[in-house]
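Chemist: Could you have a look at this structure, given as structure tokens, before my questions?
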Amino acid sequence: MKRFIVLALCMLMVLETTKGLDFHNKDVESENSLWELYERWRSHHTVARSLEEKAKRFNVFKHNVKHIHETNKKDKSYKLKLNKFGDMTSEEFRRTYAGSNIKHHRMFQGEKKATKSFMYANVNTLPTSVDWRKNGAVTPVKNQGQCGSCWAFSTVVAVEGINQIRTKKLTSLSEQELVDCDTNQNQGCNGGLMDLAFEFIKEKGGLTSELVYPYKASDETCDTNKENAPVVSIDGHEDVPKNSEDDLMKAVANQPVSVAIDAGGSDFQFYSEGVFTGRCGTELNHGVAVVGYGTTIDGTKYWIVKNSWGEEWGEKGYIRMQRGIRHKEGLCGIAMEASYPLKNSNTNPSRLSLDSLKDEL
């Protein structure tokens, strides 16, 4: 078990069905053109502001637009786009959507101990690229909404993946069950840890489906009838050795892996496409899942990361993050807190309890 809880507030991210707004050189040439762009942006994303607030937010918006514009003119491997967060400062974004208090948990619980077991330690031959989406082991991108449940989404991606690998059946599982019922140490919309969620699933005998226990984006009372109708079980979990992208690669070559990252930077805030190489630290504040890796034509290595902010953010809900950097923690700390579920067979819980629940519904 990890020595501290990741994601106290997680990323309370909400994305509308609208996509990012395109703009051009003429839109940033003058104060008037920027104001017109701001009004278009507000209409595009249905953002209501008072007259007083508009004046304040317009200055923030100008700063962000210019940052996006200047960044996209540079020879970078990724692009930014003006999205829902166009008039939020970088600090507001970090405070609201990346507000995890990880240092407190580190000091309180101490550094985690060395990994006891890593089943892929002796794997020496790896494919040059892996994409579990192409292998049918990844469900469509989901949206956590205004709830700090990224830890639950990260957990579910990994469990859905290993279940499909073992059974050849892809089942969308319930994040809401984790939010409502895994509350002994995890804290629902106020954050949690993937390792604890894996152990909860193991101890409860499995996790039910999203169809049976749909997502509400809020803390609700645990529905024990639904909780007692598991459809997918696991046998525990293991941690990837800390600060080793090589070991993370070994794990991802065999199954999707839950990871924590620092997602609070402005470039992450406005990421749209390409291999992300932007500035970020190791203040882990968001749970995501690595579902593959690869290399671009020009030789840039990357991780394929599934997010939980809907398909409108990034590359249809995904971000490619640079892999193999010189810092041992990996870009944005991606190699610091990786773990994956264990499933030793192709069997799952009996459908009797699920069928009984469906009869009641």
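All residue numbers here begin at 1 and follow the chain in the order shown.
Here the Cβ of each residue, glycine as well, is placed from N, Cα and C on the backbone.
Reproduced below are the annotations present in Swiss-Prot:
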type: ACT_SITE; residues: CYS150; note: active site
type: ACT_SITE; residues: HIS286; note: active site
type: ACT_SITE; residues: ASN307; note: active site
type: DISULFID; residues: CYS147-CYS189; note: disulfide bond
type: DISULFID; residues: CYS181-CYS222; note: disulfide bond
type: DISULFID; residues: CYS280-CYS332; note: disulfide bond
type: MOTIF; residues: 358-361; note: motif 'Prevents secretion from ER'
type: SIGNAL; residues: 1-20; note: signal peptide
Chemist: Kindly assign HIS286 (active site) to one of the three DSSP-derived states: helix, strand or coil.
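Modeler: Once the DSSP labels are grouped into three classes, HIS286 (active site) ends up as strand.
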Chemist: How would DSSP class CYS189 (disulfide bond) in three states?
Modeler: coil
Chemist: Could you list the residues of the same chain, at least six apart in sequence, whose Cβ is under 8 A from the Cβ of CYS222 (disulfide bond)?
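Modeler: Counting only residues 6 or more apart in sequence, the Cβ neighbours of CYS222 (disulfide bond) under 8 Å are GLU177, ASP180, CYS181, THR183.
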Chemist: Hey, how far is CYS150 (active site) from CYS332 (disulfide bond), Cα to Cα, in Å?
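Modeler: Just about 16 Å between their Cα atoms.
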Chemist: Using DSSP with the three-state reduction, classify CYS332 (disulfide bond) as helix, strand or coil.
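Modeler: Reduced to three states, the DSSP call for CYS332 (disulfide bond) is helix.
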Chemist: Here's one to test understanding: among the recorded positions CYS280, HIS286, ASN307, CYS332, whose C-alpha is closest in space to the C-alpha of CYS189 (disulfide bond)?
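Modeler: That would be HIS286, the closest of CYS280, HIS286, ASN307, CYS332 to CYS189 (disulfide bond).
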Chemist: Closest to HIS286 (active site): which of the recorded positions CYS147, CYS280, ASN307, going by Cα position?
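Modeler: Checking each of CYS147, CYS280, ASN307 against HIS286 (active site), the shortest Cα distance is to ASN307.
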Chemist: Given the disulfide-bonded residues CYS189, CYS332, which one has the fewest other C-beta atoms within 10 angstroms of its C-beta?
Modeler: CYS189
Chemist: Where ASN307 (active site) and CYS147 (disulfide bond) are concerned, what is their Cα separation in Å, rounded?
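Modeler: Approximately 14 Å lies between the Cα of ASN307 (active site) and that of CYS147 (disulfide bond).
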